[in-house]
Amino acid sequence: MTAERPVPPAAVAAAGLAGRVLAAVAAAVPGLSAAPARPVPAAGTAGPVPPVPPVRPGRGTVLRETQRSRPGPRTARPGTVRAPRPAAAPRASGAGRPAPGSAPKRPPRGPRRAVDGVRGLYLRAKRAWDRPLTAYYLILGGSLMILGLGLVMVFSASQIEALGSGLPSAYYFRKQLLAAVLGGVLLVAAARMPVALQRGLAYPLLAVSVFLLCLVQVPGIGQEVKGNQNWIQLGGPFQFQPSEFAKLALVLWGADLLARKGDRRLLNQWKHMLVPLVPVTFLLLGLIMLGRDMGTSLILAAILVGLLWLAGAPVRLFAGVLAVAGVLGALLIATSGNRMARFACLGATDPGPNDQCWQAVHGIYALASGGWFGSGLGDSMEKWGQLPEPHTDFIFAVTGEELGLAGTLPVLALFAALGYAGIRVAGRTEDPFVRYAAGGVTTWITAQAVVNIGAVLGLLPIAGVPLPLFSYGGSALLPTMFAVGLLISAARSEPAAKAALAMRQPAVRKKLAGVRRKTMGRSAVRRPSGER
């Protein structure tokens, strides 16, 4: 057995110093305690010396907090000493959470402030009004509602007139219903018609209109009805008025002409803006005035003014055109005793000595007797021979008598909505032809409604024009419904409306496919067993 060598005093001192450093580090770190120091033999004594663990800078002999927080079992590196953890005190139930009632409670959330009242109604209406398909639905829904209410009022207002002429009571209603069906076909065709085809119809329709207006003046072909020679007899009970189709021809031809000149940047010159639009319009006006139809001439003049306005005509040009039209109108009125009498009836409250204001005064009587809610549908008294033309020019007066103010205000609102939608379409479209055509149609329908209703109210002289889509008359209804179809086509061609309709088409197809599957399923169940 060999004797152990004595430990140098320097090694013993170094080991003691290392032990004291480890104890100080363990005491400084919370939750950790250093391992109990081993006794160090005194200097000069013999004995085994334990190995001294290597100390790395920055690490010490204790595992880092990040190493202890990692999941999974970990083993200490060789040569390191893991300090024992102190025993954790038992956690009471609910420790770490605030005691009930100690933490301040959040005040209860009240109900969300709803935007209500007049401002909320305004905001909701504005959102609905700004939708891409608003104009489309206004034109389609408004025109159909005017047409439907007009059919009801034609049936009510024309019964006495038909019976007085020895005809069935529903005679005029059946003719108007047939014209409405044909007009519906024209409306759908115009709504689906490409813009190129619409422009292609402009020149042929204008040429046909001029030819028919000339044909009206030929004896034996043209027919005079109630002082106006502007009808062509087709045979039997059917006849038509070419001047109504001249309105549509002027709209399409004028829109195509201005669009072509605009593409060539010629509308900034007065010559190109006026010629040949104004001369051709005056030609149509002259042919119509040969048949003594003052009302249709006013509508054509309004269409001309609307087209020039959309083309950006300056104020001086407008003043010149209106001055010329005013002089011609004054001459035509001054040379006709009948027209002078109509102007004399403005604001009249008595039929006069020769009953020259009979129709105007009885129109006011009908509206006044209707009151707020009217006498009831079919209970008009003025249509029993008191009011001339109750189903054509003065159908609005019969409507006011039977339905009252509650029935006439919706009619005014529908025409106002139709006019707004047309202006909106004309302002938002990107195609110049569509803009001019939509503006021309809107001017046509709005001006004709204003002239008719203004005459019934006694604000304007009686011009003899029907209420669009409302009064009896197939010659006026057919071109008007075609024009409404053009408006619908223009509303569908807006960029935002195109996108909205394209998004709705897949949903509609899915619904139709589901309906077909359900229908086929029901039909298959009802079949006898064994039959396929």
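The backbone N, Cα and C atoms fix where each Cβ goes, and this holds for glycine too.
All annotation found in TrEMBL is predicted automatically rather than curated by experts.
These figures come from a predicted structure and were not determined experimentally.
Features of the protein shown, as given by TrEMBL:
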| type | residues | note |
| --- | --- | --- |
| COMPBIAS | 35-47 | compositional bias 'Low complexity' |
| COMPBIAS | 73-104 | compositional bias 'Low complexity' |
| REGION | 35-114 | region 'Disordered' |
| SIGNAL | 1-23 | signal peptide |
| TRANSMEM | 135-156 | transmembrane segment |
| TRANSMEM | 177-195 | transmembrane segment |
| TRANSMEM | 201-221 | transmembrane segment |
| TRANSMEM | 270-288 | transmembrane segment |
| TRANSMEM | 294-310 | transmembrane segment |
| TRANSMEM | 317-334 | transmembrane segment |
| TRANSMEM | 403-423 | transmembrane segment |
| TRANSMEM | 444-463 | transmembrane segment |
| TRANSMEM | 469-488 | transmembrane segment |
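Only residues 6 or more beyond the boundaries of the transmembrane segment (270-288), in the same chain, are considered here, and those with a CB under 8 A from a CB of the stretch are 206, 209-210, 213-214, 216-217, 230, 243, 246, 250, 253-254, 257-258, 261, 296-297, 300-301, 303-304, 307-308, 311, 313, 317, 321. Here the transmembrane segment (135-156) does not touch the transmembrane segment (317-334). Their Cβ atoms form fewer than 3 pairs under 8 Å, with each pair 6 or more residues apart.
A Cβ distance under 8 Å defines the sequence-distant neighbours of the transmembrane segment (294-310), meaning residues of its chain 6+ beyond its ends; these are 230, 243-244, 246-247, 250-251, 254-255, 258, 273, 277-278, 281, 284-285, 288, 317-318, 321-322, 325, 332-333, 339, 426, 435-436, 439-440, 442-444, 447-448, 451, 463-465.
For the transmembrane segment (403-423), the residues of the chain that approach it from at least six positions outside its boundaries are 134-135, 138-139, 142-143, 145-146, 149, 367, 370-375, 377, 396, 438-439, 441-442, 445-446, 449, 453, 468, 470, 487, 491, judged by C-beta separation under 8 angstroms.
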